[in-house]
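To start, the structure itself, in structure tokens.
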């Protein structure tokens, strides 16, 4: 009897082990991927992604200036402007140099998405605003006043806050799981909204208001661009999976479909971005493009990749504050760019009121032509009129 009981007990243990093994082997890849989301990035991968994102900003920021130089040169030669449907810039080698520079920046940006979350990589694009503003003041004779320099400083502060508080949990590493997430009804609704609104703006709004409102063409770039980032994220995952595991995922149709989608969306972005650059000042296009593009990318990333699911509240708050700081900096670069304000004007504001009035009287005695006097933000003329 004892031997029979022991045999029955052993048989029961074997059955339980077999059932446990079967249940673990039959677990869906989605649940495995969800469990892996709580694992942190390795510090090497994380900072590789940050480094690639920062380096891409230098290339992308300078590409705006190079392409703008090419468009200005075409205007002087009397070519049909890009905003009027002209494609004369395709024969200009400077424009191709700008496109190559942007291609290098986008390649670094593309690689960054394979190592770091999109909600970190995309906001760091604010650094390209700084590069563009500084180079525009040097090569395009566009002014960068004191408020613009403060905006550049705030851009750096905000980007640092975003790096500190960005998501650090691993994302989906299985292409099949990502394909299943692409079928999420909420993400499909987002894609439909982007396509529908872009088609409406391109067909009805752009012909009427595209030449007077910078947001029209920039919205088309940003909306399609948010989908481009998601396809780049998936394509980078496919390439990394092929290199790391040795499995050739390019034997399936999905990576090739992602390549076609990415190339098509980038071509659409380039078309409308060229129109915006041809009509409006670079210092306007770059900041507005950054704010709108980053907002839509973070929205798409939150819907598809669920990057904020496992973040603590303080990190979410820090990430939002960093992004708002960058938006404030971008606004300062854009809104006050035509105000002639220097550090000496700020010092003048701190002088005693009587001293400012006395200084104004001396300027009136010296200057005989009103056009020769400089009316600037914080000048003593303001105090005299008050």
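Going from the start of the chain as shown, residues are counted 1 onward.
Cβ atoms are placed via backbone N, Cα and C, with glycine included.
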- Query: When TrEMBL marks a stretch as transmembrane segment, which of 11-31, 284-304 is it?
  - Reply: 284-304
- Of 69-86, 87-104, which span is tagged transmembrane segment by TrEMBL? 87-104
- Which bits of the chain, at least 6 residues beyond where the transmembrane segment (46-66) starts or stops, bring a Cβ under 8 A of a Cβ in it? 94-95, 97-99, 101-102, 104-109, 111-116, 120-121, 124-132, 135-136, 139-140, 163, 168, 277, 282, 285-286
- Item | Proximity verdict for the transmembrane segment (316-336) and the transmembrane segment (87-104), three or more C-beta pairs under 8 Å | no
- Query: Taking the transmembrane segment (284-304) as the reference, which of 110-134, 146-167, 187-207, 253-272 gives the largest number of Cβ pairs under 8 angstroms?
  - Reply: 110-134
- Contact call for the transmembrane segment (146-167) and the transmembrane segment (187-207): at least 3 Cβ pairs under 8 Å, seq gap 6+: no
